[in-house]
């Protein structure tokens, strides 16, 4: 019982850390991109990952954690998928309308459920599926505006969905199969992700913004916000791996969409962004869907624990499940207004 309580507290802590850091980085990135005019999202993400790797390298040198080797093939494939996911999501945002981009993000949950059902033999009850449907409906009402289709944008969105889902499932699978912590996996994979985005980021950003990151006028205030953004991103990246490792990819997506609603609300309260009755209704429906998902998850966990004797590490947490990447969360918050 003590071990179970400790595990549940750890999950609550990881969810809280994920929400708090994501909201903080959204406010920082909104100021950096909208107010200060620094629009290079993909390049900024590569800096986030590089700073994350450097921070983890320093931490392991001071013995805050013990690095664990992972075979090169797994790490490279994993880094390629996650780096590609970020790139495709940014390209999707550039080539599609805001509404279609939001629909792309919404499609990640059902596609993840489909992949886990087909390839990992996981089962999801009708109650869980219903609660996810209510949640998606609420987020859709709150965040989706216009829906304009184009061929290139649709292909990019499909690639973004596929790479994101597979990458998140791999995160969960690798941590459990190889018994590596979120810190160990992030330490091994972040340099590969950073390298992919560092090489492609300037070209992707120039394609989307018609501006060059190399010719930008870096004022002191801009540099200060970049440093702050990278610092918060260390926590965001760590909490992302922590949440997926202690819960599941589906729960992480539920968390991401609820953060979208929270960001919309905070944008109205603190940043005075436009807010409509549709936003309020959508957020309330999404919160109701989250409550249903949480309730049904608890019920199923209790039934399962009553019928099976499982190790503590395999027991589902009895907590309220609350994205993807700090930049995507920031983009969807300030560009959807």
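Every residue gets a Cβ built from N, Cα and C, even glycine.
Bear in mind that TrEMBL entries carry predicted annotations, made automatically and left uncurated.
Look at TrEMBL and you will find 21-294 tagged as domain 'Sugar phosphate transporter'.
Using a Cβ-Cβ cut-off under 8 Å and counting only residues 6 or more beyond its ends in the same chain, the transmembrane segment (38-58) has close neighbours at 29, 32, 65, 86-87, 90, 183, 186-187, 190-191, 193-194, 196-198, 200-202, 204-205, 208-209, 211, 213, 216, 222, 225-226, 229-231, 233-234, 236-238, 325-327, 330-331. The transmembrane segment annotation in TrEMBL covers 38-58 (among others).
Below 8 angstroms of C-beta separation, residues 41-42, 45, 100-101, 104-105, 153, 156-157, 159-160, 163-164, 166-167, 170-171, 174, 178, 180, 184-185, 188-197, 200-201, 204-205, 207-208, 324-325, 327-328, 331, 335 of the same chain, each at least six residues beyond the ends of the transmembrane segment (70-93), sit close to that stretch. Annotated transmembrane segment per TrEMBL: 70-93 (among others), in sequence order.
Residues or ranges marked as transmembrane segment in TrEMBL: 99-120 (among others).
Summarising the annotation, TrEMBL assigns transmembrane segment to 127-145 (among others).
Summarising the annotation, TrEMBL assigns transmembrane segment to 220-243 (among others).
What TrEMBL records for 250-271 (among others) is transmembrane segment.
Annotated transmembrane segment per TrEMBL: 277-296 (among others), in sequence order.
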